[in-house]
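Q: Have a look at the structure that comes next, please.
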Amino acid sequence: MTDEQEKNPAEPIRVGVLGARGRMGAEVCKAVDAAADMDLVAMVDQGDWLFNASDAGAEVVVDFTTPDVVMDNLHWCIDQGINAVVGTTGFTEQRLERVRSWLERKPGVGVVIAPNFGIGAVLMMQFAARAARHFESVEIIEQHHPRKLDAPSGTATHTARLIAEARVAAGLGPSPDATKDEVPGARGAEIDGVRVHAVRATGLVAHQEVLFGTTGETLTIRHDSYDRASFMPGVLLAVRAVRNRPGLTVGLDALLD
Ligand SMILES: NC(=O)C1=CN([C@@H]2O[C@H](COP(=O)(O)OP(=O)(O)OC[C@H]3O[C@@H](n4cnc5c(N)ncnc54)[C@H](O)[C@@H]3O)[C@@H](O)[C@H]2O)C=CC1
Ligand SMILES: O=C(O)C1=N[C@H](C(=O)O)C[C@H](O)C1
């Protein structure tokens, strides 16, 4: 496939979905199918032949699978010269570095990895990063459906990293906490020095609160996804953008701007 064909805006974007029978994958298949500028050319799930996506001529693959398989999928996409939009969680800095090294050998390929494709969630993370330097205390409470495999969520981990960076830049030390006697887990997990609490309950989809505190006041920044449809505008935005963004893009922020 030539560069011209790949980037011709008049041609529908040929999209393959990995994890197509999952909660997110099924929603992505519906959204791609309904988008006038996209063709859904491959739906792949566990046990299916991954080469279905390349045989079908997918230019962009969307991955919503599981943290234990996503790196193999992504390596395969990059090797095949297929652009990738990834929502699957589990991306540590080491994993991102490996993806960058694979991309060095395929300089035309674009990969967008976003911990959360909800526009409101992206803004919530931006607002939290902005607020972080003004408050001595901060904790994150994320709430999800009970079938979620990972805890804390990718969104909470990413938010904690952003807050930690802002606190370091502002010269803030650890949040004050006199706890001496703790039942293990009572104070949550510590991600880059930020306490993160993960709640799992039937009826929830994906929710997060960032609670800031300083003398005499608190600030709560909250985002709620009540339906997986909330992630679709962000996913489609990334599918449209990724062919023209060679290399690795982490988060939706650059695409929204
Ligand atoms: N970035 C974002 O905005 C969002 C990210 N997520 C993340 O997306 C991932 C998937 O979430 P859900 O759809 O709720 O999970 P799910 O369990 O419903 O779906 C995962 C699907 O991947 C399939 N799968 C497993 N191994 C595979 C392989 N080797 N090849 C192809 N398919 C394979 C499974 O059979 C399953 O159908 C999770 O990591 C979750 O945290 C979920 C919602 C939003
Ligand atoms: O598993 C989910 O459902 C979600 N996963 C992502 C995460 O771990 O942050 C995004 C969103 O919270 C929904």
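Every residue, even glycine, has its Cβ placed from backbone N, Cα and C.
TrEMBL feature annotations, pasted as is:
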- His144: active site, proton donor/acceptor (ACT_SITE)
- Lys148: active site, proton donor (ACT_SITE)
- Gly19, Ala20, Arg21, Gly22, Arg23, Met24, Asp45, Gly87, Thr88, Thr89, Ala114, Pro115, Asn116, Phe117: NAD(+) binding site (BINDING)
- His145, Gly154, Thr155: (S)-2,3,4,5-tetrahydrodipicolinate binding site (BINDING)
- 13-117: domain 'Dihydrodipicolinate reductase N-terminal' (DOMAIN)
- 120-255: domain 'Dihydrodipicolinate reductase C-terminal' (DOMAIN)
Q: What is the three-state DSSP composition of the domain 'Dihydrodipicolinate reductase C-terminal' (120-255), stated as helix, strand and coil residue counts?
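A: Across the domain 'Dihydrodipicolinate reductase C-terminal' (120-255), DSSP assigns the residues as follows: 49 helix, 40 strand, 47 coil.
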Q: So what pLDDT does the domain 'Dihydrodipicolinate reductase C-terminal' (120-255) average out to?
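A: Summing pLDDT over the domain 'Dihydrodipicolinate reductase C-terminal' (120-255) and dividing by its length gives 98.
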Q: What's the CA to CA span in angstrom from Thr155 ((S)-2,3,4,5-tetrahydrodipicolinate binding site) over to Thr88 (NAD(+) binding site)?
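A: Cα-Cα distance, Thr155 ((S)-2,3,4,5-tetrahydrodipicolinate binding site) to Thr88 (NAD(+) binding site): 11 Å.
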Q: List the Cα distance (Å, whole number) between Lys148 (active site, proton donor) and Arg21 (NAD(+) binding site).
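A: Cα to Cα, Lys148 (active site, proton donor) and Arg21 (NAD(+) binding site) are separated by 15 Å.
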Q: Whose Cβ, among the recorded positions Arg23, His144, has more other Cβ atoms within 10 Å than any of the rest?
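A: That would be His144, with the highest Cβ count within 10 Å.
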Q: Relative to ligand 1, which of the recorded positions Arg23, Asp45, Thr88, Asn116, His144 have a Cβ found under 6 Å from one of its atoms?
A: Arg23, Asp45, Thr88, Asn116
Q: Check each residue in the chain of Ala114 (NAD(+) binding site) that is at least six apart in sequence and keep those whose C-beta is under 8 Å from its C-beta; list them in sequence order.
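A: The list for Ala114 (NAD(+) binding site) reads Val85, Val86, Gly87, Val122, Gly234, Ala238, Val250, Gly251, Leu252, given in order along the sequence.
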